[in-house]
Structure formats: C-alpha cells, structure tokens
Amino acid sequence: KGKCPEDGWDESTIELFLHELAIMDSNNFLGNCGVGEREGRVVSGLVARRHYRLIHGIGRSGDISAVQPKAAGSSLLNKLTNSVVLDVIKLAGVRTVTSCFVVPMATGMSLTLCFLTLRHKRPKAKYIIWPRIDQKSCFKSMITAGFEPVVIENVLEGDELRTDLKAVEAKIKALGAENILCVHSTTSCFAPRVPDRLEELAVICANYDIPHIVNNAYGVQSSKCMHLIQQGARVGRIDAFVQSLDKNFMVPVGGAIIAGFNESFIQEISKMYPGRASASPSLDVLITLLSLGTSGYKKLLKERKEMFSYLSSELKKLADNHNERLLDTPHNPISLAMSLKNLDETNDAAITQLGSMLFTRQVSGARVVPCGSVQTVNNYTFKGFMSHANDYPCAYLNAASAIGIKKQDVDVFLKRLDKCLKTFRKEAKQEKSINEISDSNAATEQLED
C-alpha cells in the first residue's frame with residue numbers, strides 16, 4: 001500500500017526486506033558482467049554491508065526520482081521511502097500534501113534547489129523576501145542560489161518576535177511582484193522568535209501571485225507548525241515546504257524532505273537535481289519508520305509534547321529562583337528562552353562564559369544569546385545576531401524540547417544550569433564584597449587625610 005505500517009517491524013524482518021531489495025540490483029546478480037563506468041563495484045566488504053549492498057544510489061542522471069533499469073531494488077527503495085514519508089507527513093498534520101521526495105542534502109541546500117527551480121518560472125526575479133531568522137544556512141541558501149535576500153525585521157509583541165506583515169507587503173509593492181522570486185518563511189525556530197504568520201503570508205503570496213517556500217526545518221515533530229502549513233495552503237499559497245530528516249526522524253545528518261501541494265512542481269524540483277544521488281538518507285529514514293511504525297512515531301510526538309510542558313514548568317521555577325524569568329513565547333511549540341538580565345549586568349563576558357560552562361559540563365544544544373553582537377554573513381551585517389532582532393531587550397538562554405528528549409535530559413540540564421548560575425552569583429557576591437571593602441578603605445584614607 002506504500003504506507004507506513006501501524007506497528008513497527010522487528011530488525012530481522014527489516015534486514016530480510018532490505019536483502020530482498022538488494023538482490024534485485026544488477027551488481028548483486030550471480031554471473032553479472034559489468035562493462036560500464038558505474039557498475040556498483042565496492043572494494044570493501046565493510047562498506048558493502050554498511051549499505052546492505054544497495055550501491056547504485058537513487059535516480060538517473062536527469063531525475064532523482066526516476067527508475068534505474070539495472071537497479072530495480074534501489075529504485076523500489078526510493079519509491080517506497082517517498083511514499084512512506086508522504087504518509088507520515090499527512091499523519092503529522094499536513095493532510096492535503098500531494099507529493100514529496102527525500103533528497104540527500106540537508107535543509108539549506110534543499111532550499112537552494114527549490115529557489116533554483118523557481119528561477120526558470122520567474123526569470124526576471126532577483127529578490128527573495130525573508131522575514132529575519134538568525135540561522136546561517138537558510139540565509140546562505142538564498143545567496144548560493146544567486147538571489148538577493150530582502151531582510152524583513154521582526155516586530156516585538158510582548159516577549160515574542162513576530163512577522164511584520166505590513167513591512168512584507170510594503171516591500172513587495174516597492175520592488176514589484178514580478179521582481180520577487182518568492183517569500184521565504186520559517187516555522188520552527190529558536191525562541192523568542194516564533195513561527196511566521198504563515199496563513200497571512202500565504203494570502204499575501206496568493207494575492208500578488210508570488211511563490212511561497214517554507215523552511216520547516218524541525219517542524220514535522222510539532223502539530224502546531226504542521227497545522228500552520230496546512231492552513232496556509234488552505235487559505236493562500238504555499239509552493240513547497242522543506243524539512244530535515246535528522247531533526248524530525250532521528251537519523252544521521254545528510255537528508256531532507258521537499259514536499260508540496262502541487263505534484264507537478266515537486267516533480268520539477270526533483271528533475272532540477274543533477275545526476276544520481278546517494279540512497280543512504282532514504283535507506284536510513286525507511287529503516288527508522290519501518291521499525292517505529294505509525295504507532296511508534298505518534299508515541300514519540302506525544303512524549304515530545306509532554307516533555308515541552310515539563311521543561312517549560314521546571315525552567316520557569318529555576319528562573320524564578322535566580323530572579324530571572326521564562327520569556328512568554330506561547331506561539332513557539334518547541335523552543336524556550338530564559339532571561340539572563342542579572343548575569344548580563346554582572347559581567348559583559350558572563351553570558352558567553354555561561355555557554356562555555358554548560359558545554360564543558362556536557363550540556364549540548366543550549367544557546368546563550370548576548371545583547372548587541374554583530375556578525376557579517378556573506379557581506380550582510382546583522383546587528384544583534386542570534387537574537388533575530390537588532391535590539392532585543394535582554395540576553396537569554398535557549399533550550400528546546402525536540403523529538404527523542406527524555407525526562408532525564410531535562411532534569412540533568414536544569415541541575416547543571418542551576419549549579420552554573422549559583423557559581424556566577426557566588427562570584428558576583430564576592431566581587432561586591434571586595435569592592436565594598438575597597439570603597440570603605442578609600443573612604444577611611446580620605447577621612448585620615
């Protein structure tokens with residue numbers, strides 16, 4: 001049926017299935033005589049076993065989704081993977097998606113592929129409208145494709161950074177719709193930035209007949225992000241949305257899914273990919289989804305939501321204990337931010353030092369964001385880089401509840417963060433005492449004089 005099984009398969013069944021696919025490829029035929037330049041020859045047995053002897057990759061020179069006559073098993077693997085992944089995207093909330101394919105590139109390069117495909121449809125266009133998100137790969141995806149990003153600064157609403165719709169529309173009018181390749185929006189992101197107003201952006205794109213590409217990097221695991229994409233496609237225009245394999249399905253880095261609501265456009269993107277491609281990302285995600293089944297993946301999504309609530313409540317308690325606060329970002333379903341105002345006032349270098357302390361204590365993924373840092377990316381200078389705004393009101397720390405996180409991860413993180421913050425408070429108290437003694441001594445000397 002080409003759907004993800006409800007109950008996961010055991011490893012022996014999956015391996016048997018993969019071996020059956022592998023013996024359908026010509027390089028594994030008994031008596032095969034290969035006289036071409038690409039015959040699936042592998043000198044290392046370890047490498048062959050690592051890939052289950054599926055050596056030919058996927059696609060043909062003109063289309064990553066095409067069938068290879070001498071690699072029937074690898075071609076079937078490719079078709080099945082795309083079909084199973086489409087089923088899971090529907091399960092996760094985008095029910096009207098019609099087509100998708102796995103591409104052996106991470107999210108940034110996959111976005112570039114989408115932009116390059118649009119170039120042929122809009123030859124006059126040179127600009128991409130991009131509500132700002134301080135993440136280098138999605139910015140560089142536009143530069144690499146040869147377009148000029150038009151950065152739309154976010155607006156501060158409470159603690160949240162949200163899409164400035166008026167600025168988007170004003171820029172479209174100023175530049176001319178025919179000169180704009182697309183609007184490049186974002187769902188999953190670091191708090192205090194929250195997902196873009198996808199429905200409103202989709203309506204604007206439909207009204208001005210401008211394509212709309214969504215960076216949904218780790219949004220598959222969030223029902224809220226997937227709902228935004230579904231609603232955007234329902235009320236307006238979304239041409240394609242791109243998501244990472246590793247962040248959403250817990251497989252090695254190196255693959256992404258390009259999906260959309262117009263099958264012919266998604267096929268155009270797949271034909272834009274030059275040459276054949278590695279089958280490894282497709283193989284990894286197929287094995288993972290077959291082992292989980294829909295019931296297993298749903299369970300992981302449910303656990304992630306529960307851990308988000310737990311992380312949120314516990315981080316709030318810790319923040320209160322240190323006279324800080326958990327920033328109020330209800331529209332962000334994955335990432336949280338805790339202010340570091342007291343730390344920032346204590347010492348200019350303290351913010352980055354906290355990040356180093358956490359990393360050396362084996363806390364990975366937590367981001368500390370100082371105020372006012374400036375960074376240049378491809379000759380574009382961003383003020384307040386990493387905070388998604390020129391002047392965010394305070395320094396802060398990020399933590400995320402992503403798929404696969406466990407209660408133990410949250411508890412250990414909070415314990416180590418608490419210890420680091422106490423160290424800073426202790427040092428600040430000692431420094432204050434030293435300063436008070438110095439001031440007292442100076443005052444005594446003045447009196448004696």
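Glycine is no exception: its Cβ is also placed from the backbone N, Cα and C atoms.
Marked as pyridoxal 5'-phosphate binding site by TrEMBL: Arg38.
All chains included, 21 other C-beta atoms sit within 10 angstroms of the C-beta of Arg276 (substrate binding site). The feature substrate binding site is assigned by TrEMBL to Arg60, Ser61, Gln68, Arg276.
Residues annotated as tRNA binding site in TrEMBL: Arg234, Arg361, Lys426.
The compositional bias 'Polar residues' annotation in TrEMBL covers 435-449.
Under a cutoff of 8 A between CB atoms, and with a sequence separation of 6+ in the same chain, the neighbours of Lys247 (N6-(pyridoxal phosphate)lysine) are Ala217, Tyr218, Gln221, Ala402, Ile403. The N6-(pyridoxal phosphate)lysine feature in TrEMBL is assigned to Lys247.
The feature region 'Disordered' is assigned by TrEMBL to 429-449.
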Nonlocal neighbours by CB distance (under 8 Å) for Arg361 (tRNA binding site), same chain, sequence gap 6 or more: Arg416, Lys419, Cys420
Cα-Cα distance linking Ser61 (substrate binding site) and Arg234 (tRNA binding site), given in Å to the nearest integer: 35
Remaining residues near the recorded substrate site, that is with C-beta within 8 Å of the centroid of the site residues Arg60, Ser61, Gln68, Arg276: Gly57, Ile58, Gly59, Gly62, Asp63, Ala66, Gly275
Cβ atoms near Lys426 (tRNA binding site) (within 10 Å, other residues, all chains): 10
Fewest other C-beta atoms within 10 angstroms, as judged across Ser61, Gln68, which are the binding-site residues: Ser61
Integer Cα-Cα distance in angstrom, Lys426 (tRNA binding site) to Arg60 (substrate binding site): 63
Which listed residue (Arg38, Arg60, Arg234) has most other Cβ within 10 Å, given these are binding-site residues: Arg60
